[in-house]
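S.K.: Got a structure here, written out as structure tokens. Questions coming.
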Amino acid sequence: MKQYLDLVRDVIDNGTLQGNRTGIRTISLPGAMLRFDLQKGFPAITTRKLAFKSAIGEMVGFLRGVKNAGEFRELGCKVWDQNANENAQWLANPFRQGHDDLGEIYGVQWRQWPGYKRIPLSNPAAIEMAEQAGFRRIAQDEEDGVAFVILYKAIDQVRQCLDTIANDPGSRRILFHGWNCAQLDEMALPPCHLLYQFHPNVETREISLTLYIRSNDLGLGTPFNLTEGAALLSLFGRLTGYTPRWFTYFIGDAHVYENHLDMLNEQLKREPLEAPKLVISDRVPAFAETGKYEPEWLEKIEPSDFWLEGYEHHAPMTAPMAV
């Protein structure tokens, strides 16, 4: 993971010290990119121990549409505890529904994006088309003398992506995101890793992923998000019969928190070790072997279905999370 260390050094050397909502200043640098060939190994940090099971637990929670810190804990991931129960802004938010509630975060938008259509009653063909696509009427009103109907559908963006990879792999529209402007105030934390675009290559039978992250804490967030993105790409490849290949990782605001500097400067002194290999349990069906498309495994997957083979790392290190 020399790329990761190079980025940390670049941000520390060339970034600007800035204030932010957390009260802990960051050294920030706009615009960064990392790119990994998953055929050469899994992008796990080795200059300290990676919290692999916690990261995978979070990814599984997202795929299940989890919106409660307690459910994340059951999956082996405790990183949402503070945002759920110690974030002053969220604690005062009327959308918060009690202890451990996180609101309409990542997985809710991924798997149950609230889609609405406002169609004039004078356009019955459009209403019929929407209803055939699974939208249902929930209200009717009138504005400026024009009567209209409101239709609603919970949209499973992740499933749509997987289906498109299986049925229309030449599409350049295979993406999902979590930036729902209408519900940002209903979330304990708006999405940082917010747009995932998949690129299946029918000629090579390889699949790649481009991930855009609006804001990335290099000390704690980046190792987690790299793990989740690479594991998700590998899972998508397994369920659709493609070999995972290129994982490209874009960051809008790459930053280092002041209270992470000691940890990161120590890591910069350590020599990165060989990349491990990701293994997915034989319990998870491989389309390349069965020829059977089984998208229900998006929900059936468990954290124990993923592990790293040949993972060696330097001594563990910790740093506080800014909330």
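Keep in mind that glycine also has a Cβ here, set from the backbone N, Cα and C atoms.
The active site, nucleophile annotation in Swiss-Prot covers Cys192, and the record cites sequence analysis as its basis. Feature annotation from Swiss-Prot assigns dUMP binding site to Arg21, Arg172, Arg173, Arg214, Ser215, Asn216, Asp217, Asn225, His255, Val256, Tyr257; the stated evidence is sequence analysis. As annotated by Swiss-Prot, (6R)-5,10-methylene-5,6,7,8-tetrahydrofolate binding site applies to Asp217, Ala322.
So that I understand the layout, could you describe where these features sit and how close they are to other parts?
M.R.: According to its DSSP assignment, Cys192 (active site, nucleophile) is coil. There are 18 other Cβ atoms within 10 Å of the Cβ belonging to Cys192 (active site, nucleophile).
Within 10 Å of the Cβ of Asp217 (dUMP binding site) there are 23 other Cβ atoms, across all protein chains. Annotation note: Asp217 (dUMP binding site) sits in a strand segment as assigned by DSSP.
Sequence-distant neighbours of Ala322 ((6R)-5,10-methylene-5,6,7,8-tetrahydrofolate binding site) (same chain, 6+ apart, CB under 8 A from its CB) are Thr22, Gly23, Ile24, Asp217, Tyr257, Asn259.
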S.K.: Same-chain residues six or more away whose CB lies under 8 A from the CB of Arg173 (dUMP binding site)?
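M.R.: When sequence neighbours closer than 6 are ignored, Arg173 (dUMP binding site) has Thr164 within Cβ distance under 8 Å.
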S.K.: If you count, for each of the binding-site residues Arg21, His255, the other Cβ atoms lying within 10 Å of its Cβ, which residue has the minimum?
M.R.: Arg21
S.K.: Roughly how many Å separate the Cα of His255 (dUMP binding site) from that of Cys192 (active site, nucleophile), to the nearest whole number?
M.R.: 13
S.K.: Let's check the environment of Tyr257 (dUMP binding site): how many other CB atoms sit within 10 Å of its CB?
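M.R.: Neighbour count, Cβ to Cβ under the 10 Å cut-off: 24.
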S.K.: Which of the three DSSP-derived classes (helix, strand, coil) applies to Ala322 ((6R)-5,10-methylene-5,6,7,8-tetrahydrofolate binding site)?
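M.R.: Reduced to three states, the DSSP call for Ala322 ((6R)-5,10-methylene-5,6,7,8-tetrahydrofolate binding site) is coil.
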S.K.: Would you mind pulling the longest C-alpha to C-alpha span across Arg21, Arg172, Arg173, Arg214, Ser215, Asn216, Asp217, Asn225, His255, Val256, Tyr257, which the record has binding dUMP, in angstrom?
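M.R.: Answer in Å: the longest Cα-Cα distance is 36.
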